[in-house]
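See structure below.
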């Protein structure tokens, strides 16, 4: 379990996150939603120790984040950010192999190789595993990065806007994969997501944020309601049930 | 390109290099060398060959590391002001410790080269407009500023002739007793090999590196230190070899990709082959005189550099 306690973070004396406390359940998908500038990505980056917090505490399975060794954390928690996607001439397989770096420091063992191949198979990348990343489409690239995170084999998988720049087909594909990560492999998945309907259909828990504060957290059913969403986004929401999924209509 | 072709051309060029020069030594004489010929070989030809190899390998690897760490294909000791900073360091060491030995000079040059690299990295952090071409331009401006400071003080202290000898790389002075400093680059190259994976990961960005449990800052610093020390040594012994650290890594990453573990050996070998070829060319083109290596590498290198920029445009 990730336990965020009274965390604050500010840039230039302006608070981006103010006194946020959240609990993230194990083995489930939790989505952070909210308007731009709500502090979702900042919170995610703090949980994954990419940026330091100003105040408060973050515990991962009871361990204080600041006291953990960097390399140990890399076996426990992984984060994928959009900014990671730079054009570098690595093959898919080389990239996925880097996921094993925290374990092998670059000298892959037999077990590492097995896990790398497994991750490639899991993300259906066998055909393109020897292609360079800069030859791939956005969806393929995203899958390659997720395969790396799978090879990293961490209990916690954090993704910052994993659907950015993807079309519907690939978005669904990625979300289904994340679902499988939680259901089949028991991973705890935390995502920052803008598309409210993807959040509604695929996540177990939702944390709704606004202006650096948590407005409400709870199960998907508790959050996907007109009252909560109206408050978070300041626009009118209608919620319809289609095939037992709650679909939000906000195109006024 | 297969590694074996590089190895073959390397061996052929290395042997050729040994038997070119005013003093006529043919490979056929090898088993019946006169005393004078042995002397020439040991005092001049072999040191020259070794220094060409070490400088070529060292500068190419420096370029590769810099390009990886800055994530920019146009950054190299030449285009980031590292060479100019090293030269400034040499001037300072001449002014302050005029009687000091080579070792003190290397230390001062290393310190300045490192300082220059750090300033360049800081400049990179501050620049918001991160265009691929813009960054080396900033580096070259920075290098020119450092270079003009060097020239100013060199004029004042009447050292301009000494300084210009470091401006242009030259292997003709590489005789026994003047090149041994280059051996320091061997352990540094070994360290570069050991850190190959880490440099590759660091080159994918700080967040990427932290995610994999790496101390990003530490890796950057180690990389810059290797680059600064090798550059300082090469500038001090041979002189500046422009564009070498720029073109060799670029050619290699085109066909080997950005994984340092895969590209390091190729970069090292191609660097040696390229400098050997340029040196041989410079020695035969106006035989029995010779053109300094800085010039041949500069002319051929800038030609290739221009070609690469054009090609790049065609891709975008």
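Yeah, the Cβs are placed from backbone N, Cα and C, and that goes for glycine too.
Where the annotation comes from TrEMBL, it is an automatic prediction and has not been curated.
Per TrEMBL, the listed range annotated as transmembrane segment is B:103-121 (candidates: B:84-102, B:103-121). The feature transmembrane segment, as given by TrEMBL for the ranges B:159-177, B:292-310, sits at B:292-310. For the transmembrane segment (B:222-247), the neighbouring stretch richest in Cβ pairs under 8 Å, chosen from B:46-66, B:133-155, B:181-202, is B:46-66. Within the same chain, residues 70, 80-90, 92-94, 96-97, 138-139, 142, 146, 181, 184, 220, 224-225, 227-229, 231-233, 235-236 sit at least 6 positions outside the transmembrane segment (B:103-121) and bring their C-beta atoms closer than 8 Å to a C-beta of that stretch.
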